[in-house]
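Student: What follows is a structure written as structure tokens; I'll ask about it next.
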Protein chains: 4
Amino acid sequence: MGFKLIDDDKLKEECGVIGVYSKEDNVVEMIYHGLYALQHRGQESAGIATSSNGTINYHKNMGLVSEVFSSEKLEKLEGNMGIGHVRYSTAEENLGINAQPLVVKYKKGSIAIAHNGSIVNGESLREILEDEGVVFQTTNDCEVMANMIARYHKDEIEKAINRVMEVFKGSYALVLMTNDKLIGVRDNQGIRPLCLGKIKDGYVLASESCALDTIGAEFVRDIEPGEMVIIDGNGIKSIFNDKWSKKRLCIFEIVYFARPDSRIDDISVYLARKEAGKILAREYPVDADIVISVPDSGTSAAIGYAEESGIPYSIGLIKNRYIGRTFIKPNQSNREQGVKIKLNVLKENIQGKRVVLVDDSIVRGTTSKRIVSMLKKAGAKEVHLRISSPSVAYPCYFGIDTPYREHLVGANKTMDEICQMVNADSLGFLSEEGLIKSTGKAEGFCLACLNGDYPMEIPREEAVLNE
Amino acid sequence: MGFKLIDDDKLKEECGVIGVYSKEDNVVEMIYHGLYALQHRGQESAGIATSSNGTINYHKNMGLVSEVFSSEKLEKLEGNMGIGHVRYSTAEENLGINAQPLVVKYKKGSIAIAHNGSIVNGESLREILEDEGVVFQTTNDCEVMANMIARYHKDEIEKAINRVMEVFKGSYALVLMTNDKLIGVRDNQGIRPLCLGKIKDGYVLASESCALDTIGAEFVRDIEPGEMVIIDGNGIKSIFNDKWSKKRLCIFEIVYFARPDSRIDDISVYLARKEAGKILAREYPVDADIVISVPDSGTSAAIGYAEESGIPYSIGLIKNRYIGRTFIKPNQSNREQGVKIKLNVLKENIQGKRVVLVDDSIVRGTTSKRIVSMLKKAGAKEVHLRISSPSVAYPCYFGIDTPYREHLVGANKTMDEICQMVNADSLGFLSEEGLIKSTGKAEGFCLACLNGDYPMEIPREEAVLNE
Amino acid sequence: MGFKLIDDDKLKEECGVIGVYSKEDNVVEMIYHGLYALQHRGQESAGIATSSNGTINYHKNMGLVSEVFSSEKLEKLEGNMGIGHVRYSTAEENLGINAQPLVVKYKKGSIAIAHNGSIVNGESLREILEDEGVVFQTTNDCEVMANMIARYHKDEIEKAINRVMEVFKGSYALVLMTNDKLIGVRDNQGIRPLCLGKIKDGYVLASESCALDTIGAEFVRDIEPGEMVIIDGNGIKSIFNDKWSKKRLCIFEIVYFARPDSRIDDISVYLARKEAGKILAREYPVDADIVISVPDSGTSAAIGYAEESGIPYSIGLIKNRYIGRTFIKPNQSNREQGVKIKLNVLKENIQGKRVVLVDDSIVRGTTSKRIVSMLKKAGAKEVHLRISSPSVAYPCYFGIDTPYREHLVGANKTMDEICQMVNADSLGFLSEEGLIKSTGKAEGFCLACLNGDYPMEIPREEAVLNE
Amino acid sequence: MGFKLIDDDKLKEECGVIGVYSKEDNVVEMIYHGLYALQHRGQESAGIATSSNGTINYHKNMGLVSEVFSSEKLEKLEGNMGIGHVRYSTAEENLGINAQPLVVKYKKGSIAIAHNGSIVNGESLREILEDEGVVFQTTNDCEVMANMIARYHKDEIEKAINRVMEVFKGSYALVLMTNDKLIGVRDNQGIRPLCLGKIKDGYVLASESCALDTIGAEFVRDIEPGEMVIIDGNGIKSIFNDKWSKKRLCIFEIVYFARPDSRIDDISVYLARKEAGKILAREYPVDADIVISVPDSGTSAAIGYAEESGIPYSIGLIKNRYIGRTFIKPNQSNREQGVKIKLNVLKENIQGKRVVLVDDSIVRGTTSKRIVSMLKKAGAKEVHLRISSPSVAYPCYFGIDTPYREHLVGANKTMDEICQMVNADSLGFLSEEGLIKSTGKAEGFCLACLNGDYPMEIPREEAVLNE
């Protein structure tokens with residue numbers, strides 16, 4: 001019984017992307033630092049492709065940005081234009097071949113592509129292409145895109161991409177580089193975020209605005225649903241796909257995935273989370289001594305809950321800042337070990353206290369159960385669990401790695417049953433209305449994982465598999 | 001002009017140690033997870049040595065714990081006893097040969113040694129040993145220790161170690177393993193921390209109690225100054241060195257190095273830091289809108305400052321959680337880039353606000369200056385910098401990597417001058433008395449880096465070099 | 001002025017292939033040992049793909065077989081069927097992405113392909129495919145093949161491969177694996193060798209018979225020009241392409257590439273080389289004291305020359321057996337260093353002697369010049385250079401990496417001029433007739449690099465480039 | 001039952017050394033190329049240390065020279081003086097820590113040491129040093145030497161080394177580098193070889209003269225038994241140890257270890273081997289059709305046997321030139337696989353023939369048995385095994401890794417029994433007199449492994465262990 005990697009009980013974002021175009025300078029350093037800022041969106045592989053005088057060079061590998069890129073590798077990635085990618089991948093396909101950007105040569109030259117999202121009809125399109133004799137070397141949606149672009153690319157690449165957008169169903173924030181253009185695309189419903197920034201003599205596209213801040217780019221605006229921006233020596237222009245519809249941004253970008261210092265579609269992630277905590281305090285008030293969070297993702301909401309409730313905010317759990325790939329022997333006595341390596345109770349703040357514990361979400365419920373147990377062992381008199389989002393009850397098909405429905409505690413248990421399961425003294429999930437209200441918007445979100453209202457048709461086989 | 005590693009403007013701890021003895025079980029997993037909990041004490045190299053039936057196996061290398069140990073490496077480290085080490089090393093000696101534990105064979109068998117600290121008379125002892133014909137393969141104090149133990153070890157190893165303690169001046173939290181014993185030693189003044197924990201059928205020694213929590217060991221007590229604990233099949237016993245004196249724990253363990261969830265010498269690191277923030281609020285009150293911290297080390301004090309002052313605590317800076325070894329092009333325009341990769345301003349919380357910015361310490365002042373600048377660019381109306389420790393004005397010779405005095409801003413500038421240099425609207429350093437008071441103790445600390453009152457004689461040449 | 005890799009002045013074979021099908025056993029060990037036997041055909045990358053219950057696993061990388069495969073990697077390559085590949089690649093495309101086998105998924109399942117040879121119309125076919133929207137991730141002909149098979153594969157894969165054979169011009173010894181079949185193909189003119197062997201419960205395909213010997217397979221026969229053999233659970237069957245023509249085996253397989261213990265198309269490589277030496281002795285007799293060879297490739301011919309001439313065979317040059325990738329500082333004084341690292345003169349056998357030096361071929365002439373110089377420095381009275389093949393005067397388009405014509409000494413100089421250039425006392429190239437005669441066959445060879453009589457049309461642009 | 005490394009049935013040399021001193025130039029390239037020439041003396045680890053302005057830099061690791069040194073590593077090894085080492089190590093101590101050169105700091109500065117040989121009283125000296133408190137980090141004799149030099153080094157290092165030579169029993173060809181001197185030492189009986197060469201502005205020391213040839217150094221002379229040569233800015237000088245005695249060069253340097261192009265103690269290795277073959281032909285004549293060798297070590301003797309007997313020399317076995325670390329599944333059917341990967345029969349030359357098979361030595365006899373079997377399977381009518389050295393019957397304590405006596409076929413079986421065991425039609429070992437005569441000298445060799453006449457006292461425990 002050997003050592004195994006510790007598994008996490010969190011929803012997993014699949015990727016982060018960045019693209020930089022400069023008229024004059026080498027861009028690799030900006031892309032590289034930008035990927036650091038996006039590392040929370042994917043830690044399994046990283047890659048950068050740059051274009052120098054029509055030649056695309058790239059380097060990608062499994063690992064964190066800091067592991068994949070040495071100074072020697074960076075030196076070799078010259079060019080005034082480039083794209084970068086960080087990736088989270090599910091265990092089954094944990095393969096180097098799937099690292100992005102994907103670089104291919106086709107009749108019109110070379111292109112590099114990187115995307116964040118998931119193509120709902122990717123398998124069907126793959127089959128159609130296979131029926132026409134296409135071979136695939138990876139299991140990436142990128143490879144489907146590259147093939148379709150190559151087929152559609154008769155005159156302008158913009159038209160080819162536009163046609164791809166018409167047949168692709170799903171979510172995709174895409175950055176793409178030809179020999180002389182940097183192109184960014186956001187899916188027709190804007191499920192995944194993508195924003196535009198300005199640098200001295202060029203532009204930046206990135207999954208989140210925190211990447212713009214990190215590299216000193218000025219935030220310009222979010223890319224719109226169905227919008228394609230083309231950046232080249234002539235400047236920047238936009239093309240809108242006919243099929244674009246109103247925005248349905250993945251609500252979990254706001255709830256959990258994005259960095260709190262990012263601004264997505266005019267929503268400050270931090271302020272929305274804090275507001276969610278405030279509303280949660282009104283929806284599920286409780287008489288308690290302190291409010292603590294599950295760091296880091298629950299912290300903003302906890303601060304809001306404390307502010308609204310008047311119960312002092314405190315630190316109850318310390319997160320280890322150095323957890324990378326960690327092994328564990330998966331035996332009986334170690335059941336809580338995975339959580340313990342990441343979190344430790346600050347006993348002094350907990351002992352004898354009635355604790356409000358704020359987390360952003362519950363997926364399987366196993367982690368919550370262990371944290372409640374740790375707090376009670378440390379002397380907490382009561383633990384009131386407050387979740388700053390509704391219960392996740394439906395799988396996501398748009399780029400989030402949700403477990404099958406049978407493992408989604410929200411799909412199978414009532415709030416009371418969950419409360420009992422995690423052994424909390426009380427439990428409250430933020431309401432759907434509360435969550436929407438916290439964003440300051442009235443609408444514009446994909447809430448499918450909460451209410452099953454998918455923004456588009458879902459492949460039947462997948463749906464069945466998950467029932 | 002190539003890529004260079006980003007350098008940090010923080011005091012650097014040199015090491016963390018752990019040792020585990022179990023009557024029955026393999027201990028490598030506990031040591032490995034314990035090193036994760038101590039990773040903040042050193043990120044340059046990591047190592048584990050285990051003893052199985054009188055054979056010591058070890059693996060050590062440059063890198064983080066997660067980089068050094070694969071599941072295959074862990075599988076090979078069998079044994080019911082072992083020690084582990086994480087190390088920070090100064091740039092000049094950034095060499096694999098200095099990774100610990102050091103494993104040597106001598107007339108009484110094999111020993112593995114790992115230590116945290118610095119031997120003030122290490123060079124002199126090295127010279128004495130060299131005069132007697134000793135050869136050295138590393139520049140580690142461990143190798144000096146191993147040589148002295150080998151020389152003194154006539155009958156019992158305890159006596160040999162005891163004699164070593166008599167000639168060693170400096171700080172050392174030491175874990176040492178012979179074929180059948182695990183030994184822990186804390187220097188005669190207890191400058192570096194070392195604590196004892198209990199597991200089912202054995203004991204744990206660790207630099208900080210957070211490592212005990214992580215592996216499920218029960219905290220027993222701190223090792224005393226000048227104490228040697230010997231753990232073997234017969235249980236545990238203690239020997240005190242004649243030369244021990246009253247405790248002089250490095251105050252910066254409390255101020256900055258230790259994890260807030262650790263308890264050192266009966267002081268809760270978190271509570272002390274929070275209390276320091278409270279006292280700081282009384283010593284340097286200011287009329288402001290929010291209190292923010294430089295994460296993560298300034299957070300506890302900021303919460304205290306907020307609580308005491310009544311000014312709401314908020315989050316103003318977001319720290320990137322994925323910074324490992326990061327490269328940067330060290331040119332003009334990039335001057336702030338190093339800080340920007342690590343920290344980003346949460347503009348929404350800052351704009352138009354009068355901000356109290358709490359940090360734990362100022363070393364060179366360069367980072368503070370850049371953070372103040374970032375906050376002002378983000379729209380802060382005022383930035384009042386509050387430091388939860390006095391100004392660092394003297395170099396440390398006991399295991400902390402302080403810059404030479406000429407670079408220590410506290411050694412060369414008045415508080416007003418520093419305030420001007422970092423461009424803050426006001427500045428306050430916690431007083432020495434306030435700092436001591438924050439710990440709840442009246443005495444028992446080494447404050448040499450603050451006041452020059454070294455707990456022992458310092459080598460003249462070093463002193464001169466730093467003047 | 002840094003270190004550079006030593007370059008070789010020899011024609012370079014591009015690849016070696018092997019495929020094994022067994023009804024029962026794991027085949028990876030046989031493929032792995034077979035690749036060792038074929039390592040002389042390519043030292044830049046190595047790869048193995050195995051099929052286990054319809055799943056293809058593979059591992060490939062830059063390096064020698066001994067460097068690419070660890071015991072762990074081998075353990076993971078399970079399956080009763082598999083293919084392997086070793087590759088030499090020209091410097092420009094020294095990229096891991098081009099390592100073979102290539103594994104792709106298409107509408108009929110997965111296939112793994114590895115080949116030795118060169119597709120003359122590969123670029124044109126690639127363009128045709130690109131015109132139809134195909135994207136390419138490598139610069140390998142394999143990828144073109146995979147795409148064409150995928151397009152043609154309507155009912156049986158054999159038909160698809162057959163059609164590919166009809167459009168492919170060039171040389172190719174191909175091994176290909178579907179979920180349940182191992183397929184071997186030899187190009188329509190049989191330019192590259194491929195042979196069939198029998199193991200207990202299955203079959204082996206390999207570039208050379210020495211690989212069969214190494215893994216204990218019994219040699220059955222050579223695959224014929226235009227023949228496709230299909231091996232599966234039902235046994236073995238053959239299909240011949242309509243376009244096959246009479247055999248035109250690359251003569252340099254016999255002269256230089258193949259291992260002397262291989263038998264290719266009923267020719268014992270060793271005996272042919274020895275016979276070539278004998279004929280050379282009759283064509284260019286000389287009065288001398290000893291016959292020596294440039295090891296190892298000239299040895300068989302030297303033995304023949306000695307036997308025929310009656311001049312004793314001796315060892316005059318010792319070859320370093322451990323030369324892998326070796327660096328050199330390419331400055332003036334080092335001009336001969338590259339040769340010296342590989343070869344040393346056995347002075348005792350040379351001094352004062354009139355030496356017949358037998359080598360298999362001359363490409364640029366630079367190495368010959370340096371060897372003659374080394375021998376003369378060592379005291380050779382005369383050096384009579386004898387080459388057991390005619391002068392190489394035309395570039396190869398079928399899988400051999402010849403220099404451009406301007407560097408081919410045979411294309412630009414007469415025999416006398418070459419003799420003068422290499423500073424030999426006399427020089428003799430084996431005649432074309434002599435070479436053919438040495439094989440024991442009257443015809444059946446591609447001699448294009450000797451006489452420009454290409455076995456098929458050559459792309460014009462390439463031809464121009466080389467003129 | 002996983003994959004295991006193939007083991008070899010040959011005596012193993014333990015090391016090769018080289019040292020270069022130049023007044024002006026960087027020497028790393030010469031040392032590096034020299035190590036290639038010495039690679040046959042050790043393939044397990046390689047290392048180079050260079051001295052530049054008093055600073056010693058080094059790099060060493062497990063692997064071949066070509067694997068250990070990249071161009072980057074070489075660039076960093078600056079200096080006008082340096083030493084290099086290649087090492088074979090027995091399986092038990094196959095550890096990176098034992099790679100040489102060993103670099104240590106002691107009271108007089110830094111030294112780097114590398115040696116070839118074995119100190120018979122190394123363990124005793126280690127114990128004496130341990131009794132005085134010395135600690136050891138490796139199991140290398142080098143570390144014992146370094147410690148003793150450090151102890152004896154009062155005024156001049158030459159005196160210290162001289163004293164070391166007085167207490168060291170055993171064989172050692174040593175190169176040693178201080179801040180300003182390159183020193184070479186050959187043991188008092190000259191068991192291991194060491195020679196001196198001249199370069200433009202300096203000198204070279206090397207285990208074998210082939211290394212001098214490779215780097216373009218002129219052979220000057222062999223270092224004498226008990227001689228120490230000191231090379232520095234003042235030129236070269238020699239000191240002789242009082243205890244030196246007449247030369248007793250290891251005869252197996254001539255028989256097997258050295259490269260045939262080397263000259264050791266005025267003996268041409270090639271000519272001696274060839275002469276041994278001639279004498280063997282007179283001692284054990286046989287009526288046969290061809291003489292073949294086990295390549296490469298048996299080839300020189302086979303040529304001699306052929307010349308003397310008049311039976312034509314031919315090639316019967318082809319050796320794979322690319323065998324590095326190779327794995328095998330050690331099961332029944334694979335028993336011959338290890339040999340087959342390395343050697344293949346040239347059937348055409350063997351079939352129906354009466355074969356004289358010449359090898360240099362027999363150790364366990366297992367390889368000979370398998371080769372005879374391979375030849376007979378290939379159709380050899382008779383196989384007459386001729387060994388160009390007497391039977392190895394005693395273990396070596398001077399740097400050769402012989403198996404324990406129980407496995408030495410020569411220690412336990414008569415010639416007839418061995419003949420039967422290996423299934424040869426006849427067997428002949430060269431006589432001891434014949435072997436000595438082949439060298440052209442009347443005496444001056446250590447023949448202990450042949451006749452048990454050790455050149456010095458052997459540690460009793462070792463002797464017992466081997467009886």
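Placement of Cβ uses the backbone N, Cα and C atoms for every residue, glycine included.
Among the features that TrEMBL reports, domain 'Glutamine amidotransferase type-2' is placed at B:15-234. Residues or ranges marked as active site, nucleophile by TrEMBL: B:Cys15. If you look up TrEMBL, you'll see B:Cys250, B:Cys396, B:Cys446, B:Cys449 marked as [4Fe-4S] cluster binding site. The Mg(2+) binding site annotation in TrEMBL covers B:Ser297, B:Asp359, B:Asp360.
Tell me what's around each of these sites.
Tutor: Look at B:Cys15 (active site, nucleophile): DSSP puts it in a strand.
According to DSSP, B:Cys396 ([4Fe-4S] cluster binding site) sits in a coil region rather than a helix or strand. For B:Cys396 ([4Fe-4S] cluster binding site), the count of additional Cβ atoms within 10 Å of its Cβ stands at 20 [all protein chains shown].
Sequence-distant contacts of B:Asp360 (Mg(2+) binding site), defined by Cβ-Cβ distance under 8 angstroms and a gap of at least six in the same chain, are B:Val255, B:Tyr256, B:Arg273, B:Val294, B:Ser297, B:Gly298, B:Ala301, B:Ile387, B:Ser388, B:Ser389.
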Student: Beyond the listed site residues B:Ser297, B:Asp359, B:Asp360, identify every same-chain residue whose Cβ lies within 8 Å of the center of their Cβ atoms for the Mg(2+) site.
Tutor: B:Val255, B:Tyr256, B:Ser293, B:Val294, B:Gly298, B:Ala301, B:Val358, B:Ser361, B:Ile387, B:Ser388
Student: Using a 10 Å radius around its CB, how many other CB atoms surround B:Cys250 ([4Fe-4S] cluster binding site)?
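Tutor: Other Cβ atoms found within 10 Å: 29.
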Student: B:Cys250 ([4Fe-4S] cluster binding site) to B:Cys15 (active site, nucleophile): how many Å between their Cα atoms?
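Tutor: One finds 14 Å between the Cα atoms of these residues.
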Student: Cβ atoms within 10 Å, counted per site: which of B:Cys15, B:Cys446, B:Cys449 has the most, among these recorded positions?
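Tutor: Within the set of recorded positions, the most crowded position is B:Cys449.
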Student: Between the Cα atoms of B:Cys446 ([4Fe-4S] cluster binding site) and B:Asp359 (Mg(2+) binding site), what distance do you get, rounded to the nearest Å?
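Tutor: Given the Cα positions, B:Cys446 ([4Fe-4S] cluster binding site) is 21 Å from B:Asp359 (Mg(2+) binding site).
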Student: Taking the Cβ of B:Asp359 (Mg(2+) binding site) as the reference point, list residues of the same chain whose Cβ is under 8 angstroms away and which are at least six residues distant in sequence.
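Tutor: Once residues fewer than 6 apart are set aside, B:Asp359 (Mg(2+) binding site) is near B:Ser293, B:Val294, B:Ser297, B:Gly298, B:Ser368, B:Ile371, B:Leu385, B:Arg386, B:Ile387, B:Ser388.
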Student: How big is the gap, in Å, between the Cα of B:Cys449 ([4Fe-4S] cluster binding site) and that of B:Cys15 (active site, nucleophile), rounded to a whole number?
Tutor: 18
Student: Cα of B:Cys396 ([4Fe-4S] cluster binding site) to Cα of B:Cys15 (active site, nucleophile): how many Å, rounded?
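Tutor: Rounded to the nearest whole number, the Cα-Cα distance is 15 Å.
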Student: When the pLDDT values for the domain 'Glutamine amidotransferase type-2' (B:15-234) are averaged, what is the result?
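Tutor: The average pLDDT of the model in the domain 'Glutamine amidotransferase type-2' (B:15-234) works out to 92.
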Student: Tell me whether B:Cys250 ([4Fe-4S] cluster binding site) sits in a helix, a strand or coil according to DSSP.
Tutor: strand
Student: Can you tell me the three-state DSSP label for B:Cys449 ([4Fe-4S] cluster binding site)?
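Tutor: Going by the DSSP assignment, B:Cys449 ([4Fe-4S] cluster binding site) falls within a helical segment, counted as helix.
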Student: Which of the three DSSP-derived classes (helix, strand, coil) applies to B:Ser297 (Mg(2+) binding site)?
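Tutor: Note: B:Ser297 (Mg(2+) binding site) is coil by DSSP, not helix or strand.
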